[in-house]
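Student: Dropping a structure here in structure tokens format, bear with me for questions.
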Amino acid sequence: MGNILKCFISCFDGEDEDGGSGHGRFPNSYPPVSSLHYQPLHLDDLQVPLSPPPPSTRQQQPPPRPALSRLHYQPLRLADLQVPLSPPPPSTRQQQLPPRPARPLGYHHGVLWPTIEITPCDDFLNLEFTTKVCEGPQHHSTPSRKTDLNRCIHEKDDGNSKPSYYWLTKNKDNHVVTPQTKRSPRPPSGVAALERDLVDFTRTFEVPEGLAQHVTSPMQAQVTWYRKLLAAYKDIKYPPKESADAAVLVAATLRGIERTNLEGILAFYGFPIPTISKEASENHPSSIPKGVLFVLKTLPVNAKCIVDGDGFTAYVDTLDPIELRQDCNASCQSRNSKKQKLWDKTAADLQISLENTGQKKMFFGGREILARKYEIRLRGIDAPEIGMQYGKESQDALVKLIARKCVTLHVYGQDQFKRFVCDIHCGGVFIQEQMLVNGHAWHFKNYDKRPQFAKWEKMARDARQGLWAYDNLEKPWEWRKNKRKASRHHNSDVR
């Protein structure tokens with residue numbers, strides 16, 4: 001056994017001596033690992049070109065992307081294109097709309113530029129604008145600033161000259177700047193001077209220079225006068241063209257001021273002192289009637305404040321003085337001392353009531369004012385209540401007479417409901433007279449014995465005007481009496 005192993009080991013020893021040639025006793029044997037020599041494989045020694053490994057399934061789907069470094073981008077030039085470019089197909093909305101035409105001259109944002117025709121204005125402070133659209137494109141230059149035609153004024157007082165116009169230019173902050181057109185100088189006197197001063201007052205709220213030399217009242221009172229004159233000019237249908245007519249308008253509007261101040265205003269404009277005819281003085285006397293304690297000038301009456309045909313709510317500027325009628329006081333001087341003391345006490349109590357009424361802030365004439373509130377009852381008449389037949393018609397009649405107008409109140413006193421009992425005058429019209437003549441109210445004989453009131457009521461009854469067209473119409477004082485009885489009877493049943 002030992003000999004066999006020895007022979008087997010000697011065979012491997014002879015193979016090592018062979019140098020690894022593989023030609024020993026065992027030709028099919030491999031040389032040992034230590035005798036192998038490895039060399040790197042060079043691609044140049046290969047006779048067959050190598051092929052890349054087969055791509056995976058995911059890599060076969062997209063095509064191979066070229067390297068970015070090999071791409072060269074050049075700008076597209078229209079000259080290199082042989083086929084003319086066509087616009088992209090329009091959207092569904094663009095296919096429905098017709099093609100928009102080019103904007104011609106005279107259009108602004110696709111809309112015809114309107115032309116404003118300025119027509120001569122014969123009525124003071126009543127300028128109207130007529131705007132129409134041109135039939136075709138017109139050449140218009142776009143204005144650089146917004147201009148407003150403010151007012152028209154008459155240059156002369158002869159009535160034959162054409163009115164002139166001026167514009168007020170506003171900047172981006174809506175502030176009035178220098179007018180574009182040069183204004184003519186102010187006339188020294190006459191109707192044209194008064195109208196020019198009223199136009200300037202609407203812009204500056206300042207009275208004309210030189211007026212203080214003719215009047216004695218303070219500046220606040222002068223501003224109040226011109227506010228009343230401006231409101232009177234806007235209310236009248238035909239403005240005065242002669243100095244005499246303008247003097248009557250000024251005297252009627254400023255009737256409550258002192259006579260020296262009224263004469264000073266008339267002298268400032270060169271107006272004559274007006275004389276009132278006998279017919280006018282019969283119904284509308286220049287002097288305050290007997291029994292009037294105070295005179296008040298109201299702000300424009302709101303139509304919603306007229307509750308029925310004989311009552312409404314009025315507001316009076318707190319800057320307007322409450323004028324005590326000195327002539328009534330003087331008439332009482334000749335009487336005995338008891339009546340004089342009674343009149344003084346009544347006037348003092350009424351003045352306290354006038355001054356202690358509620359106040360409210362209001363806008364008038366472009367400024368904020370503080371006004372007193374007064375509940376007014378028309379003296380001497382009684383109109384149907386709203387719940388009665390012909391009550392709404394009577395209320396509408398009073399609305400047409402005084403709504404949006406300034407009225408003059410002749411205060412006689414207060415009734416049991418703390419309302420101020422007054423005669424009402426508006427634009428030279430006695431309101432109670434109009435209500436009675438047209439049949440919108442009854443003469444309240446229990447509280448007023450004036451004979452002209454009975455005369456005006458008889459005229460309406462004979463002509464069957466207003467409420468007199470109805471037969472057996474219930475009187476308002478009887479209606480109120482029956483209503484009070486029904487209320488007392490209902491209260492007794494409840495108890």
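Just so it is clear, glycine is given a Cβ too, placed from its N, Cα and C backbone atoms.
Keep in mind that what you see is a predicted model, and the values were worked out from it rather than measured.
Per Swiss-Prot, N-myristoyl glycine is recorded for Gly2. Here Swiss-Prot flags Cys11 as S-palmitoyl cysteine, drawing on sequence analysis. The region 'Disordered' annotation in Swiss-Prot covers 45-68, 81-101. Positions annotated as compositional bias 'Pro residues' by Swiss-Prot: 50-66. Residues or ranges marked as domain 'TNase-like' in Swiss-Prot (evidence: sequence analysis): 297-470. Look at Swiss-Prot and you will find Asp310, Asp382 tagged as Ca(2+) binding site, backed by sequence analysis. Per Swiss-Prot, the feature active site maps to Arg377, Glu385, Arg419.
Provide an account of the burial state, proximal residues and distances for the features listed.
Tutor: Cβ neighbour count for Asp382 (Ca(2+) binding site): 21 (other Cβ atoms within 10 Å of its Cβ, all protein chains included).
The DSSP secondary structure for Arg377 (active site) is strand.
The Cβ of Glu385 (active site) has 20 other Cβ atoms within 10 Å, all protein chains considered.
All chains included, 16 other C-beta atoms sit within 10 angstroms of the C-beta of Arg419 (active site).
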Student: In sequence order, which same-chain residues at least six apart have a C-beta under 8 angstroms from Asp310 (Ca(2+) binding site)?
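Tutor: Once residues fewer than 6 apart are set aside, Asp310 (Ca(2+) binding site) is near Arg377, Leu378, Ile381, Asp382, Ala383, Ser394, Leu398, Met435, Ala441.
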Student: Helix, strand or coil: which one is Asp382 (Ca(2+) binding site) in, per DSSP?
Tutor: strand
Student: Measure from the Cβ of Arg377 (active site) and count the other Cβ atoms within 10 Å, all protein chains considered.
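Tutor: A count of 19.
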Student: Between the Cα atoms of Glu385 (active site) and Arg419 (active site), what distance do you get, rounded to the nearest Å?
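Tutor: Just about 16 Å between their Cα atoms.
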